[in-house]
Each structure stands twice: as structure tokens, then as C-alpha cells.
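Trainee: Input: one structure, supplied below.
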Ligand code: NA
Ligand code: NA
């Protein structure tokens with residue numbers, strides 16, 4: 001179990017770093033495009049396509065990390081009112097399960113879309129002709145990490161570790 | 001049994017595509033005695049763009065959709081056909097190309113679990129800008145926005161400086177002079193009010209692209225014979241109406257543009273057009289290679305028919 | 001009638017899901033899936049492909065990039081000397097103004113509005129720079145949060161604005177006219193907000209900390225020196241856009257670049273400033289973008305249930321006098337704003353509302369500005385209010401605190417709607433003057 005948890009933490013960290021690198025790369029690509037257009041009358045011709053992929057990938061690759069850091073917001077009315085810790089744990093596990101359920105469903109349909117694009121050999125209709133399974137695959141990777149992080153979090157709650165709201169001030173509000 | 005079909009369309013209700021959808025829905029309602037009702041979702045309001053709609057119809061997310069097909073070219077090259085640069089020079093040639101291609105369209109779309117009901121043309125694209133672009137020198141170094149890789153290649157070869165811009169950036173870039181020209185139809189230029197900044201439209205007739213209205217094959221197969229007949233009849237009638245009407249739509253657009261102070265160069269010097277056509281030949285050849293045997297056969301048949309039609313027209317005017 | 005029931009069911013589901021404490025993005029997705037399954041009676045397969053398609057489409061949108069990039073810029077500014085200097089520099093300049101530094105939110109958002117058309121990016125970036133600084137100096141938290149929530153959506157009204165471009169295309173109205181039409185109402189809303197802050201602070205001086213004393217020439221010169229870095233940043237970004245070198249969508253990247261260069265010049269640039277700011281930007285951006293993506297699926301579900309279509313057609317069928325019509329349309333948009341994002345509101349309702357408004361004699365340019373104001377109202381109303389979510393995310397306050405703080409500003413925006421309804425020339429003066 002401990003191996004699983006540390007593996008998930010490792011994957012979460014890797015996803016976060018990928019998300020950060022992608023955001024930085026988006027800045028680089030946009031600056032390159034500006035220089036090409038202004039100085040060389042040229043273009044990369046794929047700016048909105050690639051930056052679009054970048055936003056999708058970074059959003060989902062960073063999702064597990066954001067969850068773990070307490071950066072995902074929620075309405076605390078109910079959780080703040082429940083006195084019994086056992087009930088709070090139960091509520092929290094229910095939230096995790098609901099979230100897992102709906103994203104597992106989304107995961108399945110992303111998977112089938114990606115495998116279809118793979119078999120079709122579908123590419124984007126741009127100069128770059130990017131195989132469509134690649135950008136969707138990055139999103140799927142992010143979703144996978146997020147789902148694993150949800151499982152890990154559920155295990156931690158059940159084994160009595162502090163819940164996200166109980167770990168002191170949330171990271172995003174530093 | 002009654003049916004309610006959601007029909008997404010990326011374009012506004014007032015566009016030529018929106019008008020076509022409503023025309024079709026009215027006809028279908030009458031012909032099916034009110035059994036089949038279409039609910040329109042214009043302006044991508046259902047959350048699907050054209051490039052999402054091939055799968056949306058295939059998977060039954062929607063029963064029917066009006067789809068701009070060129071962006072689907074990466075899935076199947078046949079969808080790029082109508083947007084090949086300078087292949088057709090007017091709406092009647094575009095219809096000829098469509099007639100030649102229709103069996104291929106039917107065959108390919110069936111692979112994506114859908115049935116082609118009808119195709120609906122856009123007014124031909126030309127060049128919006130601050131001048132009339134009527135000779136090779138006029139496009140030299142022209143900073144312009146193209147909408148697909150083929151356009152980029154052709155205008156680059158013609159000496160222009162095509163850039164890629166997202167749609168929302170066009171107006172701000174025209175305002176600040178970041179770009180001077182935009183390759184698009186008279187209709188879409190008017191709807192985004194390019195006429196506030198670009199006072200000229202050169203009718204290059206770069207392409208006459210089509211939207212396809214397709215429906216899910218499973219729904220089609222389950223439809224009773226009377227329903228199928230109603231759908232086919234409404235589709236056929238809509239198609240004839242739209243292709244017969246397109247020149248009127250273009251004229252109406254020209255009138256609106258003129259009222260907004262736009263100078264329209266309707267006749268382009270044949271020598272200039274030939275020059276642009278020469279730049280387009282490699283792009284068309286590359287497409288034929290990508291599209292394989294079908295593509296080759298298709299282009300050959302179209303060119304044959306085009307030649308016959310041109311000869312007939314020339315003889316007619318000679319007599 | 002069916003549309004009313006569906007709308008009520010969806011709203012109830014949102015309150016239940018979010019109230020239970022599910023993370024907001026997953027809550028919205030759950031509601032979308034549940035309402036497609038139980039209200040629209042779709043199969044699981046159909047819901048799955050819809051959710052996948054809409055999520056991919058809305059996540060892979062180029063315009064969305066403004067959010068992570070501007071957030072990164074904000075985080076760099078927050079971690080460098082620039083924000084500290086900004087507040088030090090502004091302090092003596094606003095000494096005479098009731099509410100003093102509290103106006104930085106409104107001013108900052110107005111300025112930012114000329115760069116960005118994204119409300120989330122505006123609220124998050126300005127909020128990141130101002131909220132902590134204002135709280136440290138002892139300014140009232142509620143007034144600070146509320147003014148940010150309200151002014152954060154000014155970017156929709158002040159050009160460049162994507163939602164106005166969309167309206168222009170759908171309504172076949174000149175975009176140049178719309179851009180011109182948004183300027184005065186935008187500044188008017190900002191002025192109303194600032195006036196409200198002044199009145200509150202005159203009535204209750206404890207909302208702002210005690211004054212630091214008189215203004216001297218030395219202090220003023222020091223102030224201007226302190227404002228140089230932020231001034232350079234603003235000139236770089238705005239100058240880039242208005243010279244045509246940079247498109248509005250690209251401005252955020254220029255902002256990041258300029259912020260890094262300035263931080264380096266101020267000798268505050270370290271590796272950890274870059275990585276910490278980047279990771280913080282990723283966290284907030286993931287939170288905001290995942291909510292936007294889930295909200296897009298919810299909007300699609302609402303479209304499938306024909307809710308906007310049904311509600312607007314119900315109003316269209318009533319044949320009302322212009323003023324009653326306007327009142328009902330405003331009420332309709334407030335209802336749609338409870339659970340829909342701005343662009344969805346516009347594209348879903350316009351095919352029905354625009355013709356009836358034009359027929360009733362309203363100017364389409366005026367109606368565009370009216371509609372954008374209604375969309376701005378929707379940003380600060382629960383349960384789905386993006387400015388509220390962003391503020392909860394960056395400040396760590398409870399959602400109810402933020403809602404409460406934003407409420408007066410919601411009312412002030414309603415006041416702005418009333419003003420432009422009675423004096424349409426506020427909207428139409430500039431476009432008539434500038435665009436022939
Ligand atoms: Na703006
Ligand atoms: Na709202």
C-alpha cells in the first residue's frame with residue numbers, strides 16, 4: 001500500500017512538472033510567433049493549435065497535483081458543520097467516490113476516442129498534421145494521474161490521515 | 001411516432017447555412033406531417049464545432065448536423081476537396097465538382113456511420129483588404145490571414161506573407177494594421193464587419209467550400225419508409241434551392257457591401273487568376289497524391305466535364 | 001413550462017451537488033451527466049461521447065491560454081518587488097481619496113480590461129497582486145473582495161472583448177461600433193464602484209487604515225520612481241497590442257516576458273521565483289480551467305434540454321410592451337446567468353431574443369452592451385459564478401463570504417443597467433461619433 005501511495009505521489013509530481021513545462025513552452029511559442037511575424041514576415045502556422053493542446057494538457061496534467069495541494073475549490077457548508085470525524089470521513093469519501101465515478105466515465109470515452117483516432121490515423125488539418133491521439137493522449141494521462149490521486153486520497157482518509165481541509169491553510173492561499 | 005432532432009451548426013442563424021437549415025426544417029416538418037421536428041442550435045451553442053460534428057453524428061450525440069467539412073481533412077482527404085485552391089471558378093463549377101464527388105462522399109461518410117443528406121455552398125472566397133488585389137505585384141509581401149494550410153502555401157508561393165491568426169484576433173489586427181488582407185468569403189467578412197477596416201473585396205473565387213448536412217445512420221435505418229422519404233425529399237429540395245440561390249446570395253452580399261462603402265472587384269484579370277492557379281497546381285497535385293486512386297479519378301472526371309462545359313460555353317458565345 | 005421545470009431541476013441539482021461539498025468542477029460535471037440521464041433521458045453512451053467531445057473542445061481552446069499565462073505573470077509580480085513598489089508608490093497619490101488603496105482593484109481591473117477580455121484572468125491576476133497587500137495594510141476584506149468580483153468582469157465591456165466579437169457576428173452589428181459602445185459604460189461602472197467605495201469609507205472610516213500623514217514633494221517623487229516598473233509593464237503589453245505587433249490573445253505571453261525581465265533588472269530574479277510562481281500559476285489555472293471545462297459540459301446539457309430556447313420563446317410569445325419586455329429579458333438573463341457562462345448565454349439566447357428586441361425598437365448596438373452587462377452580472381451570482389470561484393481560489397475565503405462581499409456590487413451593476421436603459425445615449429454616443 002505504501003508503495004502504491006508513493007508511486008502515485010511520484011506520478012502526481014511528474015504530472016505537475018509536465019504541466020509547468022508546457023505552460024512555459026506556450027509562452028516561448030507565442031514569443032517566437034510574435035518575433036517571426038514582426039521581424040521575418042513569417043509564422044509558425046500552428047500557434048493556436050499547439051497552444052490549444054497545451055492548455056488542455058497542462059490543465060489535466062496538473063489536476064492531481066492541484067487536488068493534493070488543496071487548490072481545487074469546493075463549498076464547505078456541510079463539511080464544516082459535521083461534528084463527528086467519522087461522519088466527515090464518510091462525507092469526504094463519498095465526494096471522492098462521486099468525483100472518481102464521473103471522471104472514470106469520461107476517461108473511458110477519451111480512451112475510445114483516442115484508440116479510434118489511432119486506428120484511423122487521423123491527423124489535424126494544419127501544416128503540422130499532428131496525429132490526434134497525441135494531444136488527447138496527454139489529457140488522458142493527466143486524467144489517469146488525477147484518478148489515481150483520488151484513490152490514494154481515499155486510502156489516506158480511511159487510514160485516518162488528515163483530510164485536505166485539515167492540513168492547515170490551503171496552498172493556493174499562501 | 002414523433003421525433004425531435006437536435007441539429008448543431010457552428011454558424012449564426014442569419015448566415016447562408018443557418019437559412020438553409022431553417023429551410024430544411026420547415027420542409028421536413030411539412031413533408032413528415034409534423035412528425036419530425038428539428039431543434040436548431042446555431043452559433044456552436046450546443047458546444048460542438050464543425051470538426052467535432054463528424055464524430056458527434058457518428059456516435060449519435062446528435063442525430064443530424066450541419067458541418068463545415070474542410071477542417072476534417074486530416075481524418076479523410078475527401079473533405080478537403082471543396083476547399084482546394086482555384087480548382088473551381090464559380091458556383092456552377094462548384095456544383096459540377098460536387099456532382100462528380102457525391103458518390104465518393106456517400107461512400108466515405110458511410111464509414112463514419114452517417115448519411116449525407118445534402119451539401120450547402122458558401123459564397124466563394126476572395127480577398128478583403130485595403131486595396132484591390134488584381135495583379136501579382138499587388139500581393140507581393142501582403143500581410144494576410146489565410147484559413148487553412150493550402151491557402152498559406154498558395155499565397156506564400158505567390159509572394160504574399162500569409163500569417164496564421166485565430167479568428168477573434170482578426171478584427172483587432174485589422175484595426176491596428178497588424179495585417180492588411182483577409183482571405184474569406186464576402187459573407188463571412190460582412191458578418192464580422194471587416195468592412196469597417198478593409199474597404200475592398202477582390203473576388204478571386206479562391207474556392208467555393210461546402211457544408212454537409214449528415215444524419216446518423218442508425219437513426220436513419222430505424223426510420224419508417226415514410227419518414228425516410230420525407231427526409232430525402234426535404235433534403236433534395238433544400239439542396240436544389242441552396243445551389244440555385246447561391247448567386248443571388250452573393251449578389252445580395254455585394255449590395256450590402258456596397259452600401260457599407262466597400263469597393264468590389266468582381267472581375268479579376270484572367271492573367272492574374274492564371275498566375276494564382278499556377279501557384280495552386282502543386283497543392284492540388286499533393287492532394288491527389290494524398291487522396292489516392294479515388295482522388296485521381298475524381299479530379300480527372302471533374303476536369304473533363306469542366307473542359308466540355310467551357311467548350312460548349314465558348315461555342316455558344318461564338319455563335 | 002417544460003423549460004421552467006428543467007431549469008428548476010438543474011438548479012436544485014447544482015445546489016445539492018455543490019452543497020454536499022464535491023469539488024466544484026466535478027460537481028458541475030455530475031449535474032450535467034445526471035440531468036442528461038434523468039431529465040433528457042439520454043443513454044450512458046450518448047452522454048459519454050457528448051461529455052468527451054465538449055470537454056476536449058473547451059479545454060483545447062487557444063483563448064483559454066490567457067488564464068495560465070496571466071496568472072503566471074501575476075505570480076511573478078507578486079513574488080518580485082514590483083507589487084510592493086506599486087502599493088508604496090500609490091499610497092501617497094491616493095492619500096486624499098476616501099477609501100485610498102481600496103480603489104486599486106477597480107483601477108487595476110479597468111486597466112487590465114484594456115488588455116484582456118477574460119474575466120477569470122482579470123480577477124485572478126489583479127486579485128493575486130492586490131488582495132494580500134490590501135489585507136496586510138488593514139483594508140476591509142469584504143470591500144476588497146467585492147470590488148474585485150465586480151470589476152473583474154469589466155474586461156467584457158472594455159475592448160478588446162471576444163464576447164463582443166461573438167455578439168457582433170451573431171447580431172450582424174459592426175464590431176468597431178460595439179467596441180466603441182462599451183467604453184463609456186465600462187468606465188461608468190468603474191466610476192459607480194469607486195463612488196460606492198468612497199461613500200462606504202466616508203460613512204465608516206474604519207474600513208480603511210488610518211492615514212499615514214501629509215504629502216510632501218519628496219514622497220511624491222519617490223512614489224513616481226516606485227511606479228516605474230509597473231508602468232513599463234503596462235506600456236509593454238498595451239503598446240504591443242495597440243501597435244499591432246501583438247494580438248490581444250498573445251498579450252499574456254508578453255506580460256510574462258516583461259515581468260521576468262523587470263524582476264531581473266530589479267535583482268529579485270531567482271530560480272525559485274520562476275519555479276514557485278509557475279507552480280502556483282499551474283495550481284490556480286488548473287482550478288479555473290477545470291471549472292470552465294465542466295461548465296461547458298453543463299451548458300451543453302442545458303442546451304440539450306432546450307432550456308434557454310424554451311424560456312426565450314415563452315417570453316417572445318407574450319407580445320409585451322417594450323419596457324415590460326426589457327424587464328422580463330433582464331430577468332431571463334439573470335436566471336440564465338445563475339448557471340451558464342457568458343458565451344453560452346449569448347449564443348444560446350440570441351437567435352430568439354435579438355429579433356424581438358429589435359422589433360420592439362431597441363438598438364442592436366445598445367442591446368449588445370446591455371447583454372454584456374447582464375453577462376457580467378452572471379459572473380458574480382451563485383451557484384455558478386466564475387469571479388466568485390476565482391476569488392475563493394486565490395484568497396482561500398469561503399464561497400459564502402465571497403458571495404456576500406460581491407452582492408452590493410451585483411446591485412451596483414444592476415443600477416448601471418437601469419441607467420443605460422433610461423439614457424441609451426451613454427452607450428450610443430461614442431459609436432455614433434467615431435464610426436460612420
Ligand atoms: Na477587454
Ligand atoms: Na452566475
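Don't overthink the numbers, they just go from 1 along the chain as shown.
Glycine residues also receive a Cβ, built from the backbone N, Cα and C atoms like all the rest.
Sharing the record's features from TrEMBL:
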type	residues	note
DOMAIN	C:13-425	domain 'TRAP C4-dicarboxylate transport system permease DctM subunit'
TRANSMEM	C:7-40	transmembrane segment
TRANSMEM	C:60-78	transmembrane segment
TRANSMEM	C:145-169	transmembrane segment
TRANSMEM	C:175-199	transmembrane segment
TRANSMEM	C:220-245	transmembrane segment
TRANSMEM	C:251-269	transmembrane segment
TRANSMEM	C:281-305	transmembrane segment
TRANSMEM	C:325-352	transmembrane segment
TRANSMEM	C:364-382	transmembrane segment
TRANSMEM	C:402-430	transmembrane segment
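Situate these features within the shown structure.
Mentor: A Cβ distance under 8 Å defines the sequence-distant neighbours of the transmembrane segment (C:7-40), meaning residues of its chain 6+ beyond its ends; these are 46-47, 50-51, 287, 290-291, 293-295, 297-298, 300-302, 304-305, 307, 311, 335, 338-339, 383-384, 389.
Long-range contacts of the transmembrane segment (C:60-78) within the same chain, counting only residues at least 6 positions beyond its ends with a Cβ under 8 Å from a Cβ of the stretch, are 116, 118, 120-122, 124-126, 128-129, 132, 162, 230, 233, 249, 251-253, 255-256, 259-260, 263, 273-274, 276-278, 280-282, 284-285, 288-289, 292.
Listed by sequence, the residues of this chain that lie at least six past the ends of the transmembrane segment (C:281-305) yet keep a Cβ under 8 A from its Cβ atoms are 3, 6, 10, 24-29, 31-33, 35-36, 39-40, 42, 50-51, 54-55, 57-59, 64, 67-68, 71-72, 74-75, 120, 124, 128, 339-341, 344, 348, 384, 386, 389-390, 393-394.
With a cut-off of 8 Å between Cβ atoms, the residues of this chain six or more beyond the transmembrane segment (C:325-352) that come close are 7, 10-11, 14, 119, 156, 162-163, 166-167, 170-171, 292, 295-296, 298-299, 302-303, 308-309, 311-313, 315-316, 318, 360, 362, 371, 374-379, 381-384, 386, 417, 421.
If one looks beyond the transmembrane segment (C:364-382) by at least 6 residues along the same chain, the residues whose Cβ comes under 8 Å of a Cβ in the stretch are 119, 149-150, 152-154, 156-157, 161, 163-164, 167-168, 171-174, 177-178, 181-182, 185, 189, 330, 333-334, 336-338, 340-342, 345-346, 350, 354, 357-358, 388, 399, 403, 406, 409-410, 413-414, 416-417, 420-421, 424, 427-428, 431.
Here the transmembrane segment (C:402-430) has long-range neighbours at 141-147, 149-151, 180-181, 183-185, 188-189, 192-193, 196, 326, 330, 363, 365-366, 369-370, 373-374, 376-377, 380-382, 385, 387-388, 391-392, 395, meaning same-chain residues at least 6 beyond its ends whose C-beta is under 8 angstroms from one of its own.
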Trainee: So which residues does the transmembrane segment (C:251-269) touch in its own chain, when a touch means Cβ under 8 Å and the partner is 6 or more beyond its ends?
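Mentor: Long-range Cβ neighbours of the transmembrane segment (C:251-269): 65-66, 69-70, 72-73, 76-77, 79-82, 115-116, 121, 229, 232-233, 236-237, 240-241.
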